[in-house]
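Student: Straight out of TrEMBL:
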| type | residues | note |
| --- | --- | --- |
| REGION | 430-457 | region 'Disordered' |
| TRANSMEM | 20-36 | transmembrane segment |
| TRANSMEM | 42-59 | transmembrane segment |
| TRANSMEM | 71-88 | transmembrane segment |
| TRANSMEM | 100-120 | transmembrane segment |
| TRANSMEM | 190-207 | transmembrane segment |
| TRANSMEM | 219-238 | transmembrane segment |
| TRANSMEM | 290-309 | transmembrane segment |
| TRANSMEM | 321-338 | transmembrane segment |
| TRANSMEM | 358-375 | transmembrane segment |
| TRANSMEM | 387-408 | transmembrane segment |
Amino acid sequence: MLLIREPYWRFTQKWQLDLFYFVGRILYLFSLFLNFRRAHTLTVLFILTCALGYVTLLEETPQDTAYNTKRGIVASILVFLCFGVTQAKDGPFSRPHPAYWRFWLCVSVVYELFLIFILFQTVQDGRQFMKYIDPHLGVPLPERDYGGNCLIYDPGNESDPFHNIWDKLDGFVPAHFFGWYLKTLMIRDWWMCMIISVMFEFLEYSLEHQLPNFSECWWDHWIMDVILCNGLGIYCGMKTLSWLSLKTYKWQGLWNIPTYKGKMKRIVFQFTPYSWVKFEWKPASSLRRWLAVCGIIFVFLLAELNTFYLKFVLWMPPEHYLVLLRLVFFVNVGGVAMREIYDFMDDPKFHKKLGQQAWLVAAITATEFLIVVKYDPYTLTLSLPFYITQCWILGIILVLTWTAWRFFIRDITLRYKEIRRQKQEHKYEKDKCLSNGDGHSSILDEQNGSKLRERKL
(Lines of atoms letter the chains of each structure in order from A; the text may use other names.)
(Lines give C-alpha, C1' and ligand atoms only; values in the text may rest on other atoms or scores of the structure.)
Protein backbone atom coordinates (compact mmCIF):
# COMPACT_ATOMS: atom_id res chain seq x y z
CA MET A 1 0.00 0.00 0.00
CA LEU A 2 2.91 2.35 0.71
CA LEU A 3 3.86 2.25 -2.97
CA ILE A 4 1.38 5.08 -3.52
CA ARG A 5 3.22 8.30 -2.86
CA GLU A 6 0.27 10.14 -1.37
CA PRO A 7 0.29 9.47 2.43
CA TYR A 8 -2.88 8.12 3.90
CA TRP A 9 -3.00 10.73 6.70
CA ARG A 10 -4.15 13.32 4.17
CA PHE A 11 -7.55 11.58 4.05
CA THR A 12 -9.90 12.89 6.74
CA GLN A 13 -13.03 10.84 6.03
CA LYS A 14 -13.50 7.09 6.37
CA TRP A 15 -14.66 6.58 2.78
CA GLN A 16 -11.50 8.28 1.54
CA LEU A 17 -9.36 5.95 3.62
CA ASP A 18 -11.32 2.92 2.41
CA LEU A 19 -10.90 4.07 -1.18
CA PHE A 20 -7.17 4.50 -0.57
CA TYR A 21 -6.79 0.93 0.66
CA PHE A 22 -9.00 -0.38 -2.16
CA VAL A 23 -6.85 1.32 -4.80
CA GLY A 24 -3.73 0.03 -3.09
CA ARG A 25 -5.06 -3.51 -3.20
CA ILE A 26 -5.82 -3.17 -6.91
CA LEU A 27 -2.29 -1.92 -7.56
CA TYR A 28 -0.87 -4.82 -5.58
CA LEU A 29 -2.86 -7.35 -7.61
CA PHE A 30 -1.86 -5.62 -10.83
CA SER A 31 1.79 -5.85 -9.82
CA LEU A 32 1.31 -9.61 -9.40
CA PHE A 33 -0.34 -9.67 -12.83
CA LEU A 34 2.67 -7.93 -14.38
CA ASN A 35 4.96 -10.39 -12.63
CA PHE A 36 3.35 -13.17 -14.68
CA ARG A 37 4.55 -11.68 -17.96
CA ARG A 38 6.92 -14.65 -18.05
CA ALA A 39 5.52 -18.08 -18.81
CA HIS A 40 6.37 -19.67 -15.37
CA THR A 41 6.54 -23.09 -17.01
CA LEU A 42 8.06 -24.84 -13.98
CA THR A 43 5.55 -23.30 -11.58
CA VAL A 44 2.60 -24.38 -13.72
CA LEU A 45 4.08 -27.85 -14.11
CA PHE A 46 4.56 -28.19 -10.34
CA ILE A 47 1.01 -27.06 -9.52
CA LEU A 48 -0.43 -29.33 -12.21
CA THR A 49 1.51 -32.33 -10.93
CA CYS A 50 0.41 -31.65 -7.36
CA ALA A 51 -3.24 -31.44 -8.44
CA LEU A 52 -3.04 -34.72 -10.35
CA GLY A 53 -1.21 -36.36 -7.45
CA TYR A 54 -3.95 -35.23 -5.05
CA VAL A 55 -6.66 -36.74 -7.27
CA THR A 56 -4.69 -39.97 -7.64
CA LEU A 57 -3.54 -40.55 -4.04
CA LEU A 58 -6.05 -38.80 -1.77
CA GLU A 59 -9.35 -38.92 -3.64
CA GLU A 60 -11.49 -42.00 -3.91
CA THR A 61 -12.70 -42.56 -7.46
CA PRO A 62 -16.53 -42.59 -7.59
CA GLN A 63 -18.27 -45.63 -9.06
CA ASP A 64 -20.07 -43.53 -11.63
CA THR A 65 -18.92 -44.11 -15.20
CA ALA A 66 -20.67 -41.05 -16.69
CA TYR A 67 -19.30 -38.74 -13.97
CA ASN A 68 -15.77 -40.12 -14.31
CA THR A 69 -15.93 -39.74 -18.09
CA LYS A 70 -17.00 -36.11 -17.85
CA ARG A 71 -14.37 -35.32 -15.23
CA GLY A 72 -11.65 -37.07 -17.22
CA ILE A 73 -12.51 -35.10 -20.37
CA VAL A 74 -12.54 -31.81 -18.45
CA ALA A 75 -9.21 -32.64 -16.79
CA SER A 76 -7.66 -33.50 -20.15
CA ILE A 77 -8.82 -30.19 -21.60
CA LEU A 78 -7.45 -28.27 -18.60
CA VAL A 79 -4.06 -29.96 -18.90
CA PHE A 80 -3.93 -29.09 -22.59
CA LEU A 81 -4.87 -25.48 -21.82
CA CYS A 82 -2.11 -25.27 -19.20
CA PHE A 83 0.39 -26.60 -21.73
CA GLY A 84 -0.78 -24.19 -24.43
CA VAL A 85 -0.84 -21.11 -22.21
CA THR A 86 2.76 -21.71 -21.15
CA GLN A 87 4.26 -23.21 -24.31
CA ALA A 88 2.27 -22.00 -27.36
CA LYS A 89 3.71 -19.42 -29.73
CA ASP A 90 2.69 -15.80 -29.14
CA GLY A 91 0.44 -14.09 -31.65
CA PRO A 92 0.37 -10.48 -32.85
CA PHE A 93 -1.37 -9.16 -29.70
CA SER A 94 0.32 -8.69 -26.32
CA ARG A 95 -2.31 -6.80 -24.31
CA PRO A 96 -3.66 -7.30 -21.72
CA HIS A 97 -1.32 -10.31 -21.50
CA PRO A 98 0.16 -12.71 -24.09
CA ALA A 99 -1.12 -15.68 -22.06
CA TYR A 100 -4.68 -14.43 -22.61
CA TRP A 101 -4.36 -14.82 -26.39
CA ARG A 102 -2.52 -18.14 -26.04
CA PHE A 103 -5.46 -19.35 -23.97
CA TRP A 104 -7.96 -18.52 -26.72
CA LEU A 105 -5.71 -20.18 -29.28
CA CYS A 106 -5.86 -23.41 -27.26
CA VAL A 107 -9.62 -23.02 -26.83
CA SER A 108 -9.82 -22.83 -30.63
CA VAL A 109 -8.05 -26.18 -30.90
CA VAL A 110 -10.39 -27.75 -28.32
CA TYR A 111 -13.48 -26.36 -30.06
CA GLU A 112 -12.31 -27.62 -33.46
CA LEU A 113 -11.70 -31.10 -32.03
CA PHE A 114 -15.17 -31.05 -30.47
CA LEU A 115 -16.71 -30.10 -33.82
CA ILE A 116 -14.85 -32.91 -35.58
CA PHE A 117 -16.14 -35.37 -32.96
CA ILE A 118 -19.71 -34.18 -33.55
CA LEU A 119 -19.17 -34.40 -37.31
CA PHE A 120 -18.28 -38.11 -37.09
CA GLN A 121 -21.43 -39.02 -35.13
CA THR A 122 -24.80 -39.96 -36.50
CA VAL A 123 -27.42 -37.24 -36.44
CA GLN A 124 -29.30 -38.81 -33.53
CA ASP A 125 -26.17 -39.57 -31.50
CA GLY A 126 -24.78 -36.09 -32.09
CA ARG A 127 -27.93 -34.41 -30.84
CA GLN A 128 -28.19 -36.73 -27.84
CA PHE A 129 -24.51 -36.15 -27.02
CA MET A 130 -25.41 -32.53 -26.26
CA LYS A 131 -27.27 -33.85 -23.21
CA TYR A 132 -23.92 -34.63 -21.59
CA ILE A 133 -23.24 -30.89 -21.69
CA ASP A 134 -26.75 -29.82 -20.68
CA PRO A 135 -29.53 -32.32 -19.82
CA HIS A 136 -32.10 -29.88 -21.23
CA LEU A 137 -30.66 -30.22 -24.73
CA GLY A 138 -31.29 -33.03 -27.18
CA VAL A 139 -35.02 -32.31 -27.61
CA PRO A 140 -36.67 -30.78 -30.70
CA LEU A 141 -37.22 -27.03 -30.59
CA PRO A 142 -40.82 -25.81 -30.36
CA GLU A 143 -42.35 -24.08 -33.34
CA ARG A 144 -42.23 -20.28 -33.14
CA ASP A 145 -44.09 -17.61 -35.05
CA TYR A 146 -41.74 -15.14 -36.75
CA GLY A 147 -42.61 -12.18 -38.94
CA GLY A 148 -46.35 -11.95 -38.35
CA ASN A 149 -47.94 -8.51 -38.30
CA CYS A 150 -45.54 -5.97 -39.84
CA LEU A 151 -47.60 -2.82 -39.33
CA ILE A 152 -45.60 -0.07 -37.63
CA TYR A 153 -48.85 1.52 -36.46
CA ASP A 154 -51.57 -1.04 -35.73
CA PRO A 155 -54.97 0.72 -35.59
CA GLY A 156 -56.61 -2.52 -34.50
CA ASN A 157 -54.82 -2.38 -31.15
CA GLU A 158 -56.21 0.73 -29.49
CA SER A 159 -54.36 0.24 -26.20
CA ASP A 160 -50.90 0.15 -27.82
CA PRO A 161 -50.86 0.70 -31.60
CA PHE A 162 -47.01 0.56 -31.64
CA HIS A 163 -46.86 -2.86 -29.99
CA ASN A 164 -45.05 -4.39 -32.98
CA ILE A 165 -42.10 -2.06 -32.43
CA TRP A 166 -41.98 -2.67 -28.66
CA ASP A 167 -42.05 -6.43 -29.24
CA LYS A 168 -38.85 -6.16 -31.31
CA LEU A 169 -36.99 -4.21 -28.61
CA ASP A 170 -35.63 -7.23 -26.77
CA GLY A 171 -32.17 -8.36 -25.67
CA PHE A 172 -31.06 -8.92 -29.25
CA VAL A 173 -31.03 -5.15 -29.93
CA PRO A 174 -28.02 -4.39 -27.67
CA ALA A 175 -26.48 -7.68 -28.83
CA HIS A 176 -26.65 -6.45 -32.44
CA PHE A 177 -25.14 -3.10 -31.48
CA PHE A 178 -22.24 -4.47 -29.42
CA GLY A 179 -21.67 -7.24 -31.95
CA TRP A 180 -21.16 -4.81 -34.81
CA TYR A 181 -19.14 -2.47 -32.60
CA LEU A 182 -16.69 -5.31 -31.94
CA LYS A 183 -16.74 -6.47 -35.58
CA THR A 184 -15.77 -2.95 -36.64
CA LEU A 185 -12.80 -3.08 -34.27
CA MET A 186 -11.78 -6.35 -35.95
CA ILE A 187 -12.21 -5.31 -39.59
CA ARG A 188 -11.22 -1.62 -39.19
CA ASP A 189 -12.88 -0.59 -42.43
CA TRP A 190 -16.24 1.16 -42.83
CA TRP A 191 -16.99 -0.10 -46.34
CA MET A 192 -16.34 -3.75 -45.55
CA CYS A 193 -18.52 -3.56 -42.43
CA MET A 194 -21.42 -2.00 -44.33
CA ILE A 195 -21.13 -4.53 -47.15
CA ILE A 196 -21.22 -7.44 -44.69
CA SER A 197 -24.15 -5.88 -42.80
CA VAL A 198 -26.25 -5.32 -45.94
CA MET A 199 -25.26 -8.66 -47.48
CA PHE A 200 -26.43 -10.54 -44.39
CA GLU A 201 -29.85 -8.90 -44.60
CA PHE A 202 -30.08 -10.07 -48.24
CA LEU A 203 -29.13 -13.56 -47.05
CA GLU A 204 -31.94 -13.47 -44.51
CA TYR A 205 -34.37 -12.50 -47.26
CA SER A 206 -33.04 -15.32 -49.45
CA LEU A 207 -33.08 -18.07 -46.79
CA GLU A 208 -36.26 -17.31 -44.86
CA HIS A 209 -37.90 -20.30 -46.58
CA GLN A 210 -35.32 -22.53 -44.84
CA LEU A 211 -35.16 -21.02 -41.34
CA PRO A 212 -38.31 -19.39 -39.98
CA ASN A 213 -36.39 -16.95 -37.73
CA PHE A 214 -35.00 -15.25 -40.85
CA SER A 215 -38.53 -14.06 -41.61
CA GLU A 216 -38.65 -10.48 -40.35
CA CYS A 217 -40.54 -7.31 -41.22
CA TRP A 218 -39.00 -4.94 -43.76
CA TRP A 219 -38.52 -2.22 -41.15
CA ASP A 220 -36.88 -4.76 -38.83
CA HIS A 221 -34.36 -5.60 -41.58
CA TRP A 222 -33.44 -2.14 -42.80
CA ILE A 223 -34.36 0.33 -40.05
CA MET A 224 -33.74 -1.53 -36.80
CA ASP A 225 -30.91 -3.79 -38.00
CA VAL A 226 -28.97 -2.02 -40.76
CA ILE A 227 -29.49 1.63 -39.77
CA LEU A 228 -29.98 1.64 -35.98
CA CYS A 229 -28.24 -1.39 -34.46
CA ASN A 230 -25.60 -2.25 -37.07
CA GLY A 231 -25.09 1.30 -38.34
CA LEU A 232 -24.76 2.81 -34.87
CA GLY A 233 -22.40 0.03 -33.80
CA ILE A 234 -20.23 0.59 -36.90
CA TYR A 235 -20.23 4.36 -36.29
CA CYS A 236 -19.14 3.98 -32.65
CA GLY A 237 -16.54 1.43 -33.70
CA MET A 238 -15.07 3.80 -36.30
CA LYS A 239 -14.93 6.59 -33.71
CA THR A 240 -13.05 4.25 -31.37
CA LEU A 241 -10.65 3.32 -34.17
CA SER A 242 -10.06 7.01 -34.87
CA TRP A 243 -9.22 7.59 -31.20
CA LEU A 244 -6.90 4.60 -31.09
CA SER A 245 -5.08 5.77 -34.24
CA LEU A 246 -4.51 9.25 -32.77
CA LYS A 247 -3.56 8.04 -29.30
CA THR A 248 0.09 8.40 -28.22
CA TYR A 249 1.55 4.98 -27.48
CA LYS A 250 4.23 5.81 -24.94
CA TRP A 251 4.21 3.38 -22.04
CA GLN A 252 5.60 4.08 -18.59
CA GLY A 253 6.30 1.66 -15.77
CA LEU A 254 3.55 1.44 -13.16
CA TRP A 255 5.78 2.33 -10.21
CA ASN A 256 7.34 5.27 -12.06
CA ILE A 257 3.97 7.07 -12.01
CA PRO A 258 3.81 9.30 -8.90
CA THR A 259 0.03 9.50 -8.24
CA TYR A 260 -2.49 6.74 -7.69
CA LYS A 261 -4.77 8.38 -10.26
CA GLY A 262 -2.05 7.96 -12.86
CA LYS A 263 -1.50 4.38 -11.74
CA MET A 264 -5.20 3.57 -12.16
CA LYS A 265 -5.15 5.17 -15.61
CA ARG A 266 -2.15 3.02 -16.51
CA ILE A 267 -4.04 -0.10 -15.38
CA VAL A 268 -7.01 0.79 -17.61
CA PHE A 269 -4.69 1.42 -20.58
CA GLN A 270 -3.23 -2.05 -20.07
CA PHE A 271 -6.39 -3.29 -21.83
CA THR A 272 -5.74 -1.14 -24.91
CA PRO A 273 -3.38 -2.10 -27.76
CA TYR A 274 0.37 -1.80 -27.22
CA SER A 275 0.66 -0.18 -30.65
CA TRP A 276 -1.70 0.55 -33.52
CA VAL A 277 -1.81 -0.67 -37.11
CA LYS A 278 -4.28 0.91 -39.50
CA PHE A 279 -5.84 -1.60 -41.89
CA GLU A 280 -5.74 -0.48 -45.53
CA TRP A 281 -7.33 -3.34 -47.42
CA LYS A 282 -7.20 -1.69 -50.91
CA PRO A 283 -9.28 -4.41 -52.61
CA ALA A 284 -9.04 -2.84 -56.07
CA SER A 285 -5.24 -2.53 -56.06
CA SER A 286 -4.58 -6.10 -57.25
CA LEU A 287 -6.39 -9.31 -58.07
CA ARG A 288 -4.80 -11.05 -55.06
CA ARG A 289 -6.12 -8.47 -52.59
CA TRP A 290 -9.54 -8.42 -54.28
CA LEU A 291 -9.90 -12.19 -53.94
CA ALA A 292 -8.65 -12.04 -50.35
CA VAL A 293 -11.20 -9.38 -49.37
CA CYS A 294 -13.99 -11.34 -51.08
CA GLY A 295 -12.86 -14.43 -49.16
CA ILE A 296 -12.93 -12.53 -45.85
CA ILE A 297 -16.46 -11.30 -46.53
CA PHE A 298 -17.55 -14.82 -47.49
CA VAL A 299 -16.12 -16.38 -44.30
CA PHE A 300 -17.71 -13.64 -42.17
CA LEU A 301 -21.13 -14.26 -43.71
CA LEU A 302 -20.73 -18.03 -43.43
CA ALA A 303 -19.83 -17.76 -39.75
CA GLU A 304 -22.91 -15.58 -39.19
CA LEU A 305 -25.14 -18.13 -40.94
CA ASN A 306 -23.58 -20.98 -38.96
CA THR A 307 -24.82 -19.32 -35.77
CA PHE A 308 -28.43 -19.81 -36.83
CA TYR A 309 -28.10 -23.13 -38.63
CA LEU A 310 -26.15 -24.81 -35.80
CA LYS A 311 -28.87 -23.83 -33.34
CA PHE A 312 -31.41 -25.33 -35.70
CA VAL A 313 -29.72 -28.66 -36.43
CA LEU A 314 -28.38 -29.28 -32.88
CA TRP A 315 -31.66 -28.25 -31.22
CA MET A 316 -30.29 -25.39 -29.14
CA PRO A 317 -32.64 -22.55 -28.14
CA PRO A 318 -31.41 -19.04 -29.03
CA GLU A 319 -31.07 -18.03 -25.38
CA HIS A 320 -28.90 -21.02 -24.40
CA TYR A 321 -25.55 -20.22 -22.81
CA LEU A 322 -23.65 -22.29 -25.41
CA VAL A 323 -24.83 -19.88 -28.11
CA LEU A 324 -23.54 -16.95 -26.08
CA LEU A 325 -20.22 -18.73 -25.38
CA ARG A 326 -19.72 -19.30 -29.10
CA LEU A 327 -20.21 -15.59 -29.78
CA VAL A 328 -17.77 -14.68 -26.98
CA PHE A 329 -15.29 -17.14 -28.48
CA PHE A 330 -15.47 -15.57 -31.95
CA VAL A 331 -15.13 -12.07 -30.49
CA ASN A 332 -11.81 -13.04 -28.88
CA VAL A 333 -10.34 -15.03 -31.76
CA GLY A 334 -11.70 -12.88 -34.58
CA GLY A 335 -9.52 -9.87 -33.87
CA VAL A 336 -6.33 -11.93 -33.83
CA ALA A 337 -7.36 -13.76 -37.01
CA MET A 338 -8.05 -10.51 -38.88
CA ARG A 339 -4.67 -9.07 -37.85
CA GLU A 340 -2.88 -12.22 -39.04
CA ILE A 341 -4.77 -12.17 -42.35
CA TYR A 342 -3.91 -8.50 -42.89
CA ASP A 343 -0.22 -9.10 -42.13
CA PHE A 344 -0.20 -12.06 -44.52
CA MET A 345 -1.77 -9.94 -47.27
CA ASP A 346 0.19 -6.75 -46.66
CA ASP A 347 3.68 -8.21 -46.29
CA PRO A 348 3.84 -11.74 -47.75
CA LYS A 349 7.64 -11.66 -47.88
CA PHE A 350 7.90 -11.36 -44.09
CA HIS A 351 4.76 -13.35 -43.21
CA LYS A 352 5.31 -16.37 -45.42
CA LYS A 353 2.36 -18.39 -44.08
CA LEU A 354 -1.10 -17.75 -42.71
CA GLY A 355 -1.24 -17.18 -38.95
CA GLN A 356 -2.20 -19.99 -36.60
CA GLN A 357 -5.36 -18.31 -35.26
CA ALA A 358 -6.58 -17.36 -38.74
CA TRP A 359 -6.02 -20.95 -39.89
CA LEU A 360 -8.07 -22.29 -36.97
CA VAL A 361 -10.91 -19.81 -37.48
CA ALA A 362 -11.19 -20.83 -41.14
CA ALA A 363 -11.13 -24.52 -40.18
CA ILE A 364 -13.78 -24.00 -37.48
CA THR A 365 -16.09 -22.13 -39.86
CA ALA A 366 -15.76 -24.86 -42.50
CA THR A 367 -16.34 -27.65 -39.95
CA GLU A 368 -19.46 -25.95 -38.58
CA PHE A 369 -20.85 -25.71 -42.10
CA LEU A 370 -20.11 -29.39 -42.75
CA ILE A 371 -22.01 -30.32 -39.56
CA VAL A 372 -25.01 -28.35 -40.83
CA VAL A 373 -24.79 -30.09 -44.22
CA LYS A 374 -24.62 -33.56 -42.65
CA TYR A 375 -27.26 -33.06 -39.96
CA ASP A 376 -29.97 -31.47 -42.08
CA PRO A 377 -29.32 -31.73 -45.83
CA TYR A 378 -33.05 -31.49 -46.55
CA THR A 379 -33.29 -27.92 -45.23
CA LEU A 380 -30.22 -26.78 -47.13
CA THR A 381 -31.42 -28.27 -50.39
CA LEU A 382 -34.78 -26.50 -50.33
CA SER A 383 -34.83 -24.68 -53.64
CA LEU A 384 -34.67 -20.91 -53.65
CA PRO A 385 -37.66 -18.97 -54.97
CA PHE A 386 -37.26 -18.09 -58.64
CA TYR A 387 -36.97 -14.32 -58.14
CA ILE A 388 -34.34 -14.87 -55.41
CA THR A 389 -32.33 -17.07 -57.78
CA GLN A 390 -32.52 -14.43 -60.50
CA CYS A 391 -31.28 -11.73 -58.13
CA TRP A 392 -28.29 -13.81 -56.98
CA ILE A 393 -27.38 -14.80 -60.54
CA LEU A 394 -27.50 -11.14 -61.58
CA GLY A 395 -25.35 -10.13 -58.62
CA ILE A 396 -22.76 -12.83 -59.30
CA ILE A 397 -22.61 -11.87 -62.99
CA LEU A 398 -22.06 -8.22 -62.07
CA VAL A 399 -19.26 -9.09 -59.64
CA LEU A 400 -17.55 -11.38 -62.16
CA THR A 401 -17.94 -8.79 -64.92
CA TRP A 402 -16.40 -6.06 -62.78
CA THR A 403 -13.55 -8.39 -61.77
CA ALA A 404 -12.81 -9.26 -65.39
CA TRP A 405 -12.96 -5.61 -66.47
CA ARG A 406 -10.87 -4.25 -63.57
CA PHE A 407 -8.07 -6.80 -63.50
CA PHE A 408 -7.97 -8.13 -67.08
CA ILE A 409 -9.73 -6.04 -69.75
CA ARG A 410 -8.78 -2.70 -68.22
CA ASP A 411 -5.14 -3.70 -67.81
CA ILE A 412 -4.95 -5.00 -71.38
CA THR A 413 -6.57 -1.81 -72.68
CA LEU A 414 -4.21 0.42 -70.71
CA ARG A 415 -1.21 -1.61 -71.87
CA TYR A 416 -2.36 -1.38 -75.50
CA LYS A 417 -2.85 2.40 -75.21
CA GLU A 418 0.59 2.80 -73.68
CA ILE A 419 2.24 0.78 -76.46
CA ARG A 420 0.32 2.75 -79.10
CA ARG A 421 1.37 6.07 -77.52
CA GLN A 422 5.01 5.00 -77.46
CA LYS A 423 4.84 3.97 -81.14
CA GLN A 424 3.29 7.30 -82.11
CA GLU A 425 5.98 9.23 -80.25
CA HIS A 426 8.70 7.17 -81.91
CA LYS A 427 7.14 7.70 -85.37
CA TYR A 428 6.79 11.44 -84.75
CA GLU A 429 10.46 11.76 -83.79
CA LYS A 430 11.50 9.74 -86.84
CA ASP A 431 9.41 11.89 -89.21
CA LYS A 432 10.81 15.03 -87.66
CA CYS A 433 14.35 13.83 -88.21
CA LEU A 434 13.68 12.94 -91.88
CA SER A 435 12.06 16.32 -92.58
CA ASN A 436 15.47 18.04 -92.10
CA GLY A 437 16.81 16.38 -95.27
CA ASP A 438 20.39 15.84 -94.12
CA GLY A 439 19.60 13.26 -91.48
CA HIS A 440 20.41 15.58 -88.62
CA SER A 441 17.89 15.98 -85.88
CA SER A 442 15.97 19.19 -85.53
CA ILE A 443 17.41 19.64 -82.08
CA LEU A 444 20.97 19.87 -83.46
CA ASP A 445 19.81 22.29 -86.19
CA GLU A 446 18.22 24.53 -83.64
CA GLN A 447 21.38 24.52 -81.57
CA ASN A 448 23.51 25.39 -84.63
CA GLY A 449 21.11 28.14 -85.64
CA SER A 450 21.23 29.69 -82.22
CA LYS A 451 25.07 29.68 -82.34
CA LEU A 452 25.06 31.48 -85.74
CA ARG A 453 22.72 34.12 -84.45
CA GLU A 454 24.99 34.70 -81.47
CA ARG A 455 27.98 35.20 -83.81
CA LYS A 456 26.09 37.76 -85.95
CA LEU A 457 25.17 39.70 -82.86
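Note: Cβ is positioned from N, Cα and C throughout, glycine not excepted.
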Student: Flag the pair the transmembrane segment (190-207) / the transmembrane segment (290-309) as in contact if three or more Cβ pairs fall under 8 Å (sequence separation 6 or more).
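Tutor: As far as Cβ distances go (cut-off 8 Å, pairs 6 or more apart), the transmembrane segment (190-207) and the transmembrane segment (290-309) touch.
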Student: Could you name the stretch, out of 219-238, 321-338, 358-375, 387-408, with the greatest number of CB pairs under 8 A to the transmembrane segment (290-309)?
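Tutor: Between the candidates 219-238, 321-338, 358-375, 387-408, the best contact partner of the transmembrane segment (290-309) is 358-375.
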Student: What residues elsewhere in the chain lie close to the transmembrane segment (358-375), defined as a C-beta under 8 angstroms and at least 6 residues from its ends?
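Tutor: For the transmembrane segment (358-375), the nonlocal Cβ contacts are 105, 108-109, 111-112, 115-116, 118-119, 123, 126-127, 299, 302-303, 306, 309-310, 313-314, 330, 333-334, 336-338, 340-341, 344.
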Student: By a Cβ-Cβ criterion of under 8 Å, what residues six or more beyond either terminus of the transmembrane segment (387-408) are in contact with it?
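Tutor: Same-chain residues near the transmembrane segment (387-408) but 6 or more away: 205-206, 284, 286-287, 290.
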